[in-house]
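Chemist: From TrEMBL, for reference:
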BINDING   ARG18, HIS130, THR349  substrate binding site
DOMAIN    38-377  domain 'Aminotransferase class I/classII large'
BINDING   GLY105, TYR106, SER175, HIS203, THR232  pyridoxal 5'-phosphate binding site
MOD_RES   LYS235  N6-(pyridoxal phosphate)lysine
Amino acid sequence: MRDFAAELENRKQAGLYRTRRLISGPQQPALVSDGVPLLSFCSNDYLGLANHPDIIRAATDAMPETGLGGAASHLICGHHDAHHQLEVRLAAFTGRSSALFFSTGYMANMGVISALAGRGDTIFSDRLNHASIVDGCILSRARVRRYPHGDMDALADMLAGADGHKLVVTDGVFSMDGDIAPLSELAALCRAHDALLVVDDAHGVGVLGPQGRGSLTELGLSEEDVPVLIGTLGKAVGTSGAFVAGSQLLMDYLVQKARTYIYTTAMPPAIAAATCTSLELIEREDNRRSHLQSLIGEFRRQASLLGYELMPSRTPIQPIMVGDNWSALALSQALEAKGLMVTAIRPPTVPEGQARLRVTFSAAHSREDLSRLLAALAECRSLINRPSAEAV
Ligand SMILES: *Cc1c(COP(=O)(O)O)cnc(C)c1O
């Protein structure tokens, strides 16, 4: 029999044991965690929409019309008018011909990748891709080649020697580093090698590009350049779920083949209705993005001056590199003692020796919130014995 207790004890010894906080109240920078008020810098609610009154009202207004439960899968009798309207809205938002609404980003990646590649095919996946992409690759039973993070020369060499259908998959914005994939180069390489490109823009949607239309729109990459776009709705969009956007033919294909679309209950339609309202706010309110960018710029300047090592990121994901697991935990705990919540991210979420604090910003943070974080970081600098960014 498997010794659960011993395995868990090993994890604890390695500084890898994970625990859950109990949050009460809505998601916002001022959180109540296990009964203690904390200022949070760790959610993915980048635009501060998770608790927006207009979006909440859209959900509650929809419910008398739609009821609550999804009740059946989309292919049985769960495909509601509200889901359809959201798909039309998402296609327009992303500048694609059509879109398909999934229940979560995890399921979208699992379903799309395993539908588009199979035995005899080869998938090329960036080493730092999200866990749901890694699992989608495994589920597909295709041969999987992981290329070094963002390394287009290595990818070109791998593509040249591959058999079967070729599929290249990447995060748009990398979830633990905050950097952006070389998307234009990827599009060109995929065209040259007749490979299908899949971009998961979970952290770009709502944040990057004109009106928050995402990383691909920012670069002017069309449906021809990137045939398969995946986005999630639980992060900047502030609701729940995910989508795939691309050609009508692709959606028709996925409806037949994506098992995580077919064999799961449809999302409550009221969530789809609320998401439409959120997309309107995202398109209309540029001030959220400009405030967010000014917080990010100020954080990077000040944290670098304090001697913290940051990553080359211009997104709301701003990791502070620490290195070993215990120091990352110690820094996170010291900040918490000062009333701040910043999560330590450890292996296997990031590579061994690259433990970090993952600081994330939201348009709901105020200048004062940022000042509190920077003041606390100034006091905690001595907790990590890593050379300062300037010294390297
Ligand atoms: C969060 C995330 C997902 C998963 O999305 P959920 O809707 O939370 O399941 C997928 N891909 C990336 C890159 C993510 O960061």
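Every residue gets a Cβ built from N, Cα and C, even glycine.
Values in this document were obtained by computation on a predicted structure and should not be read as measured data.
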Chemist: Could you tally the C-beta atoms, other than its own, that fall within 10 angstroms of the C-beta of ARG18 (substrate binding site)?
Modeler: 7
Chemist: What are the non-local neighbours of HIS130 (substrate binding site), defined as same-chain residues 6+ apart in sequence with CB under 8 A from its CB?
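Modeler: Same-chain residues close to HIS130 (substrate binding site) (Cβ under 8 Å, separated by 6 or more) are ASN109, ASP171, SER175, ASP200, ALA202.
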Chemist: Calculate the distance in Å between the alpha carbons (Cα) of TYR106 (pyridoxal 5'-phosphate binding site) and LYS235 (N6-(pyridoxal phosphate)lysine), and round it to a whole number.
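Modeler: Cα of TYR106 (pyridoxal 5'-phosphate binding site) to Cα of LYS235 (N6-(pyridoxal phosphate)lysine) measures 13 Å after rounding.
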Chemist: Three states by DSSP: which one describes LYS235 (N6-(pyridoxal phosphate)lysine)?
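Modeler: For LYS235 (N6-(pyridoxal phosphate)lysine) - judged by DSSP and reduced to three states - the answer is coil.
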Chemist: Quick one: among the binding-site residues SER175, THR232, THR349, which has the most Cβ atoms sitting within 10 Å of its own Cβ?
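Modeler: Of SER175, THR232, THR349, the one with the most crowded Cβ is THR232.
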Chemist: Could you list, ordered by sequence, which of these binding-site residues: ARG18, TYR106, SER175, THR349, have a Cβ under 6 Å from ligand 1?
Modeler: TYR106, SER175
Chemist: Considering Cα atoms only, can you say which of ARG18, LYS235, THR349 is the nearest neighbour of GLY105 (pyridoxal 5'-phosphate binding site) among these recorded positions?
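Modeler: Going through ARG18, LYS235, THR349 one by one, the Cα closest to that of GLY105 (pyridoxal 5'-phosphate binding site) is LYS235.
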Chemist: Measuring Cα to Cα, how far is THR232 (pyridoxal 5'-phosphate binding site) from THR349 (substrate binding site) in Å?
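Modeler: Counting only the Cα atoms, the answer is 19 Å.
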Chemist: In terms of Cα spacing, which of the recorded positions ARG18, LYS235, THR349 are within 10 angstroms of HIS203 (pyridoxal 5'-phosphate binding site)?
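Modeler: Of ARG18, LYS235, THR349, within range: LYS235.
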Chemist: Give the distance between the Cα atoms of ARG18 (substrate binding site) and LYS235 (N6-(pyridoxal phosphate)lysine), rounded to the nearest whole Å.
Modeler: 22
Chemist: Determine, to the nearest whole angstrom, how far the Cα atom of THR349 (substrate binding site) is from the Cα atom of the residue listed as 'N6-(pyridoxal phosphate)lysine'.
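Modeler: Answer for this pair: 18 Å between alpha carbons.
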Chemist: Counting other Cβ atoms within 10 Å, pick out the least crowded of the recorded positions GLY105, HIS203, LYS235.
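Modeler: Comparing Cβ neighbours within 10 Å for the recorded positions GLY105, HIS203, LYS235, GLY105 has the fewest.
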